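Annotation comment: Swiss-Prot describes Ser62 as active site, phosphoserine intermediate, evidence class sequence analysis. Residues or ranges marked as Mn(2+) 2 binding site in Swiss-Prot (evidence: sequence analysis): Asp12, Ser62, Asp440, His441. Residues annotated as substrate binding site in Swiss-Prot: His123, Arg152, Asp153, Arg184, Arg190, Arg257, Ala258, Asp259, Arg260, Lys331. Feature annotation from Swiss-Prot assigns Mn(2+) 1 binding site to Asp399, His403, His458.
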Amino acid sequence: MNVVPILLLILDGYGLAPDSTGNAAKLAFTPNIDRMLAMSGGTQIHASGRAVGLPDGYMGNSEVGHLNIGAGRVVYQQMTRIDVAIENKELDSNPILLDLFTKVKSSNGRLHLLGLLSNGGVHSHIRHLEALLSIAKEHNIQVILHPFMDGRDTGPKDGLKFMKEIVSFLTSTSSGVIGSFCGRFYAMDRDKRWERIKLAWDAIVHGVGLHVEDSVKALEQAYASGETDEFIKPRVMGNSSVNCVQDNDAVLFFNFRADRARELVSAFILPDFNGFDRGRVPHLSGIATMTMYDKEFNIPVLFNHENITKTLGEVVSALGLLQLRIAETEKYAHVTYFFSGGREEVFTGEERILVQSPRDVATYDLKPEMSVMEVTDRLLTAWNSKKFSLIVCNLANPDMVGHTGNIKASISALEAVDNCVGRIEKAVAEQHGCFILTADHGNVEEMLDKSGQPQTAHSCNPVPLIAIYDGKPLNLKESGKLGDIAPTILSIWDVSIPNEMTGNNLLSSE
């Protein structure tokens, strides 16, 4: 073990992209960062899409970025986790799903699938629903679908194409029928507006609502009368309540995001529920949810929360070394909670420094330097104490000012950051330590869209990874990802990489 002190500096929202009028990173005068980017040995790493556990083409973000960096592996987000389980057929043998099928068969009941009909990828995805329908069909399960129309994470009338798709799928595969449908305004409230949930409940359980024969035509008629997806009033298929949730039936909620599914689930399972008068409450043979909605529910979950162990922070602590996490308020949770794999408690030997972000401005383009000077001052004091083997620091400016869409202010932010980067690099070299410069995702390098309009969102661009040890750049391999940083740090120390840390060591022997 050769534990040289390492300072990991994360420039939040600093991606790499070609020169353009919207690339504030190229427009700014940043001699220190530019010099490091030009060094031989540095590399670009992926910070978006599947490389960080998100769906292909999805931009990275600070939470996911720090989670991957700290975990030293690809941490699949819920949607991608389910996608992967479908691709490798793990969903087909999911024990909770199979147990639900068993309960349905033993009770001679039906399985009701409830969730958002959408490809928005925020609460659900239609491909997850279609996979569930296919698997249920293979097990000869009678399925009744109660879709909720989106209109928030998709266009206000995009629901028609999703309804056509799912009707076509149900028809071609003979995998089920639609029992009712309504807008998410009713079925997915999260503010205890129980009068909305009651309308969805009454349609799903009691068959109360506007009765229709054709879901596609009914949706078209709703549009014609001024309703849009989010606000589609509950419709019940057919003239009776035969396809409503009955005794001995089972229910599966297929949303993977919890917050807007909890209220309707609670109406099904809580004996002391008092949100509204439920009327007849069906005695279910089983109920399950795609992910953990609430620990208090105590019901089966197809994809439980992953317990991320052997993170970089945990390994450093187990080695008996001291570590420091430091950031200003806007990014403090990222270098602590997310970097530690979703752990709030400090590790033994871990210290934290929180620097207050400016409160005297409404938006950070009015103060683009934010608190970077104080963060740097306190960081250098800690570094020069020679107390810590690992310091993790986040500089928030590129991301937070980039989000304002103000290119001029973003240039000022980057120039303030560059000054601090130069100071930090010099201090690390003086202590013969290792300085690692990277970012969690892109933003400030792509501030205009293709039409020249302001773009305030993150990007899918790669980010830099530069390691300078004792004043000299280390040679790093290409085609890495954020999850490779932690294994690389352990390799610099010549420490064995735990099996849980499945990222790659990017140190090159060349």
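All residue numbers here begin at 1 and follow the chain in the order shown.
For all residues, glycine too, the Cβ spot is worked out from N, Cα and C.
Structure with Swiss-Prot features highlighted.
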residue: Asp12; record: Mn(2+) 2 binding site; DSSP (3 states): coil
residue: Ser62; record: active site, phosphoserine intermediate; DSSP (3 states): helix
residue: His123; record: substrate binding site; DSSP (3 states): coil
residue: Asp153; record: substrate binding site; DSSP (3 states): coil
residue: Arg190; record: substrate binding site; DSSP (3 states): coil
residue: Ala258; record: substrate binding site; DSSP (3 states): coil
residue: Asp440; record: Mn(2+) 2 binding site; DSSP (3 states): coil
residue: His458; record: Mn(2+) 1 binding site; DSSP (3 states): coil
- recorded positions clustered about His441 (Mn(2+) 2 binding site) [Cα within 10 Å; pool: Ser62, His123, Asp153, Asp399, His403, His458]: Ser62, Asp399, His458
- Item | Shell list (Mn(2+) 2; ref centroid = CB of Asp12, Ser62, Asp440, His441; cutoff 8 A) | Ile10, Gly13, Ala47, Gly60, Asn61, Gly65, His66, Lys331, His334, Asn394, Asp399, Ala439, Asn443, His458
- Item | Candidates Ser62, His123, Ala258 (recorded positions) - the one closest to Asp12 (Mn(2+) 2 binding site) by CA | Ser62
- For each of the binding-site residues (His123, Arg260, His403, His441, His458), count the other CB atoms lying within 10 A of its CB, then report the residue with the highest count. His441
- Message: With an 8 Å cut-off on Cβ distance to the Asp399, His403, His458 Cβ center, who else from the chain surrounds the Mn(2+) 1 site?
- Response: Asp12, Gly13, Asn61, Ser62, Pro398, Met400, Gly402, His441, Asn443, Val444, Thr456, Ala457
- For the binding-site residues Asp12, Asp153, Asp399, Asp440, the one whose C-beta sees the most other C-beta atoms within 10 angstroms: Asp440
- Item | Asp399 (Mn(2+) 1 binding site) and Arg260 (substrate binding site), distance between Cα atoms, whole Å | 28
- With His403 (Mn(2+) 1 binding site) as the reference Cα, tell me which of the recorded positions Ser62, His123, Asp153, Arg190 is the closest one. Ser62
- Message: Same chain only, sequence gap of 6 or more: which residues have a CB within under 8 Å of the CB of Ser62 (active site, phosphoserine intermediate)?
- Response: Asp12, Gly13, Lys331, His334, Phe338, Asp399, Asp440, His441
- When the binding-site residues Arg190, Ala258 are compared by other Cβ atoms within 10 Å, fewest goes to Arg190
- Greatest CA-CA distance (Å) over the residues His123, Arg152, Asp153, Arg184, Arg190, Arg257, Ala258, Asp259, Arg260, Lys331 that the record ties to substrate? 32
